[in-house]
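Each remark here refers to the structure printed beneath this line.
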Amino acid sequence: MTSSPTVNLLDLDAQGLVAYCDSLGEKPFRARQLQRWIHQYNAADFDGMTDLAKSLREKLKGRATISMPGIVSDHISTDGTRKWLIDVGNSNAVETVYIPEETRGTLCVSSQAGCAVNCRFCSTGKQGFSRNLTTGEIIGQLRMAEFALRASRGVDGGRATGGDGKGERVVTNVVMMGMGEPLLNYDAVVPAMRLMLDDNAYGLSRRRVTLSTSGVVPMMDRLGADLPVALAVSLHAPSDPLRDMLVPLNKKYPLRELMAACQRYLKVAPRDFITFEYCMLDGVNDSEAQARELLAVTRDVPCKFNLIPFNPFPESGLIRSKPEQIKRFAQVLMDAGVITTVRKTRGDDIDAACGQLAGAVKDRTRLAERTGKAAKIIEVRAV
């Protein structure tokens, strides 16, 4: 007779924990207790869960774990940005980045080891695609960062000190903008985001959790039906021929389909606009004429633009737009009444800036070298 495999409780959202407790003959309130211990009190084992019956603790010891991925490295930039390299096994690693600001703290979370989309301006895509992360590996990034940051600030709201478990929240915003395309790992990403939003876990609002996608249209519709959080779309070009080159996924879901999906999403979104991200590439997509094209393409979608100065890496063959050209491009958009920001480069001294999340990981995975070819874009069907 073989024993059942152990369950990593980090892989379970509230509904999953209720179902798991039911399988042990336990009532739903036990699931809520477990969730608080794991996500609010940072419990690493079951012995310290003092309000659980001893019999339940013994059951859990033999059947469940709270397994976090290991930390390979932890670097802090001169601007306060902090980057962790996270070991997810089999020579794969992902990166998690915390960006402190005066009124908020934003955590950039990865969803895949590598990325299959292979955008030309993104160093992560150049390492190829290895695998999807599990729900536990995704929410584990938030859990790890929140409690590491609390410890570094001397903040402890845990139960052992008489706190309510929530303490002084350090991570106030989460952006699913790290390594990978979140909508190509839908079944793991959505439960992780449910935990981010759950008041019994991290208690973030839907406006403070943003998912960034390169434009996986069927899954955008599915996300709108299941869990409409704030949405950012990696646009980067005002025409299909150029976007086909910069974002290969565009060949499957061209701009017309993408804009229609954005309109549908806005009907259920927690914000009344879509954020369009646009990487500024010298002589490629940064002319004033292209800014006007961009306005025409997005005219039916309430939006704001986030212009991102390109962070160069050797394999790209691309150059960052000059600051004065970025300013001229932005002015065209603003003159049309569209809110436009230019992203401030953060953490570039530790390779934590936008598009740089491959650095040390690329050397660890060497995926392109092992496969000898770029990963193919995953076929996606809405279910």
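Here the Cβ of each residue, glycine as well, is placed from N, Cα and C on the backbone.
Pulled from Swiss-Prot, these are the features on record:
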type     : residues                                               : note
ACT_SITE : Glu95                                                  : active site, proton acceptor
ACT_SITE : Cys354                                                 : active site, S-methylcysteine intermediate
BINDING  : Cys115, Cys119, Cys122                                 : [4Fe-4S] cluster binding site
BINDING  : Gly180, Glu181, Ser212, Ser234, Leu235, His236, Asn311 : S-adenosyl-L-methionine binding site
DISULFID : Cys108-Cys354                                          : disulfide bond
DOMAIN   : 101-349                                                : domain 'Radical SAM core'
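What Swiss-Prot annotates, mapped onto the structure for a quick look.
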residue	record	DSSP class
Glu95	active site, proton acceptor	strand
Cys108	disulfide bond	strand
Cys115	[4Fe-4S] cluster binding site	coil
Gly180	S-adenosyl-L-methionine binding site	coil
Ser212	S-adenosyl-L-methionine binding site	strand
Ser234	S-adenosyl-L-methionine binding site	strand
Asn311	S-adenosyl-L-methionine binding site	coil
Rounded Cα-Cα span from Cys119 ([4Fe-4S] cluster binding site) to Leu235 (S-adenosyl-L-methionine binding site), Å: 11
Between Ser212 (S-adenosyl-L-methionine binding site) and Cys119 ([4Fe-4S] cluster binding site), the C-alpha gap once rounded to whole angstrom: 14
Rounded Cα separation (Å) that holds between Glu95 (active site, proton acceptor) and Gly180 (S-adenosyl-L-methionine binding site): 10
By Cα-Cα distance, the member of binding-site residues Cys115, Cys119, Cys122 nearest Gly180 (S-adenosyl-L-methionine binding site): Cys115
Cys108, Glu181, Ser234, His236, Asn311 filtered to the recorded positions whose C-alpha is within 10 Å of Cys122 ([4Fe-4S] cluster binding site): Asn311
Which same-chain residues, if any, lie at least 6 apart from Ser234 (S-adenosyl-L-methionine binding site) yet have Cβ under 8 Å of it: Cys119, Ser212, Thr213, Ser214, Gly215, Val247, Glu277, Cys279
Inter-residue Cα distance where the pair is Glu181 (S-adenosyl-L-methionine binding site) and Cys115 ([4Fe-4S] cluster binding site), in Å: 6
Fewest other C-beta atoms within 10 angstroms, as judged across Glu95, Glu181, which are the recorded positions: Glu95
Other CB atoms within 10 A, centred on His236 (S-adenosyl-L-methionine binding site): 26
PLDDT averaged over every residue in the domain 'Radical SAM core' (101-349): 94
Where Cys122 ([4Fe-4S] cluster binding site) falls in three-state DSSP terms: coil
